[in-house]
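A quick write-up on the structure given underneath.
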Amino acid sequence: MSLEITPEDFYKNATAKQERVFCFHAIMTTSTGIWLEDNPLMFSLPLLLFQIVLIFVVTRISHSILRRLSIPIVISQIIAGILLGPSCLGRIKSVERMLFSPRSWEQLNTISLLSFMLFLFLIGLKTDLSMIPKAGKKAFAIAICTSFFPFAIILLTGFLLRSRIPLRFKQRFLIVNIASSWSMTSYTVVSCVLADLNLLTSKLGRLAMSATLITEFTNLFITAVIGSYLLGSKGDSALMGVTSMAAFLGFMAFLVFVARPLTILAIKKTTPEGGMLDEACFVGVILLAFVCGFVSELIGYHATMGPFMLGLMLPGGAPLGVTMVDKLERLVVGLFLPVFLASAGLRLDLWTLGDRVGEWVVLFFYLMIGVSAKFVGGLVPCFYCRMPMRDCLAVGLMMISKGIYEIDSACRWQDNRIVDRQLFTVLVLAVVVVGGGSAPLVKHIYRPEDRFVAYKRRAIQFLKSNSELRILSCIHGQEHVNGMLTLLDSAHPTALSPVCLYALHLRPLAGRAATLLVPYTRHRTPFDASAASDTDHIFNAFIQAEQLYTGCSILPYVCISPYASMHEDICSLALDKKVFLIIVPFHKHLAIDGSVSAPIPAIQAVNSAVLRFAPCSVAVLVNHGLAAESSAFRAGGIPHAAVYFFGGPDDREALALGLRMAEDSSVGLTVVRFRLPNATMEGTEERLDERMMEDVRIRKSDGSRVVYREEVVKDGEGTVGVIREISVRFSLLLVGRGDGKETELTSGLSIWSEFAELGIIGDLLASTDFGGRVSTLVVQQQRRVAGNGQPESVRMGKAVKNEVDEEDD
């Protein structure tokens, strides 16, 4: 008579004092198929493949629902495991026996732990250790307060309430283990949560990552010292403890002085500049990670410690980090890691919470005490540094993030019989509650874009005469250099009217977790080595152009950031440098032969975010063939620029930029004002427009190269006709972006608009179907002023209206 083993029976016996041995029928690896009356799910390989696919599908479905609530994917994968486990679907015995019977647990656990080991290796590889020496006192204070304060509070509470602690908690030192594990903030957890929330590049995100990295290293060495001490105190001689510590230090020395130099040397010898790792180097690094995992187990540490430390010691970025992430991350993180997290859900059983309620309530109480103390520990240094309330709360919530580290600890506690299945269920549920609750709160409380607000007008329209014009030029590749240099020339830099250009080379983040925004220094590249030559070529062109002008200074910067948050670095630099105009390239580029390059949606998203959050005016350059010489306007005879003026703040900003260009005697400017028949000047916007026109008429009467003309049209069709007729005469067109709403002058045109970031007229001019080959600069005036999010036309218009009223009085 065979004994049926359920998961509940297995874990009960696995945690009992007298262990029992379970015997199963020998299981074959592969099946001969259903045609020979074999059940593939009774064989290890088909069963494992089916389990992986099932877990993948359920985790994706659960995350597609929960991500709308900003729930991290780690929590979604744990919940998927709960749905598949004995708490829900696993309650059906036939399903449990077929899909997740005890005979499959060993192979499932092996796959999950292997994926977890590789995942930590990738996390370590993407980590920038320079964050530790760069971390300020604030990061160190947060690291100390969020680690030692909850540790002390949990132990103090346990001491004061020791009479109410269950006996089995005391026998297994459970309170001490909770204090040790839940007082530590895992760098892996925080970096994954911030990546899910697109906050890696934010100011508070960098602060939290620096603090957790400090905590990670501190915890590792403290654990090594305490473990060696306890090992020596239990043995007959202290030699065992000394040997354990020596083995740990020797392993660290091997990583620093052997593994790292040899890996770098092998990469330099076998990898060409800008290339990816060859197959031999790739396999060699993976094998080295496995060796480090084995050595970790050999000297008494978890197998994940060695690969993680190896990843920390190896250089991130290209080519090593990029290759590893490109070849491993999708497989490990997307397919195999969900197995590890879902396995935690498969282990727990919510139905066990009906027994011994008082004991698991005590455990949950101590867990919440630790979380609360950690939250307070994160608030105190922030309050001391006089950070805003919302930022203090956000940092506290970031530091209490829970996820894969706590799940791994709970699984090891269950394997080591520190907790039984009921207490394991409580631990996992606490991770789900805290981790699933803190991330949405961070998303709601912390908005990095709120700080990209200027308290002064950063627009060319309000720039004083002969003042320095500060421009931030964004370049994604060498194809954007010529257009930006052309605009630099058109800005007319002179000693009396200087221009300061911040040239920012933007590169997508790959193979590392920390972003970079640093000044460019020739022959010193702290960023990706593979991008060094491309960056050098770009900035060499700007450095040569700087020598052509007496009133021009060019300051190059390099930004390495994910596309999802690249706009934050752009806006941050613009705010810090008090820039008046940000110029971003359009995401579609017209080649010399007239063909249009494939659009890059990521760049389009960056441009849209910059337009939304910029602390100054923004211009989108649609380059349809600006010349490649140092001065495009001098390359093809006498140039001529045109401003299409429809009215509004964006059109006034475009006109102000055009008038700045017209200060160059070699530049001709035509201002084309579109008006309706019998148009009136009664509104505030109309009066502001008329004031701008007065400046144009004055320049025209002074004999400058400014031409003013009015076009009276009835509707959008008339507007298109005029634009189609006169646009071919000009080298550059300037137009305001507008608010996207149709007026009588643009009626019927919005239905053809494809790119909202260009506005109605800008989209028309940029379209190749329109037949135009003239480069266009779409301008948007500063929208965010004085800490509120009102549009500039509402807020700034009121201020200027008061000025107009005062003049009239």
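Using the three backbone atoms N, Cα and C, a Cβ is placed for every residue, glycine included.
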Task: Range among 173-195, 495-517 that TrEMBL annotates as transmembrane segment - done: 173-195
TODO: Restricting attention to the domain 'Cation/H(+) antiporter central' (500-628), give the mean pLDDT.
DONE: 81
Task: the domain 'Cation/H(+) antiporter central' (500-628): DSSP-derived helix, strand, coil residue counts - done: 45 helix, 38 strand, 46 coil
Task: Range from 41-59, 237-259, 423-442 with the greatest count of C-beta pairs under 8 A to the transmembrane segment (173-195) - done: 423-442
Open item on the list: Counting Cβ pairs closer than 8 Å, which of 139-161, 237-259, 423-442 has the most of them with the transmembrane segment (331-348)?
Closed with: 423-442
- [ ] Six or more residues out from either end of the transmembrane segment (360-384), which same-chain residues have a Cβ under 8 Å from its Cβ atoms?
- [x] 138, 141-142, 145-150, 153-154, 157-158, 164-166, 169, 174-175, 178-179, 182-183, 185, 353, 391-393, 395-400, 402, 422-423, 425-427, 430, 434
Task: Per Cβ pairs under 8 Å, the stretch of 139-161, 207-231, 237-259, 280-299, 423-442 packing most closely against the transmembrane segment (107-127) - done: 280-299
- [ ] Please give the sequence-distant neighbours of the transmembrane segment (280-299): residues at least 6 beyond its ends with Cβ less than 8 Å from one of its Cβ atoms.
- [x] 117-118, 121, 244, 247-248, 251, 255, 259, 263, 266-267, 270-271, 305-307, 309-311, 314, 320, 323-324, 327-328
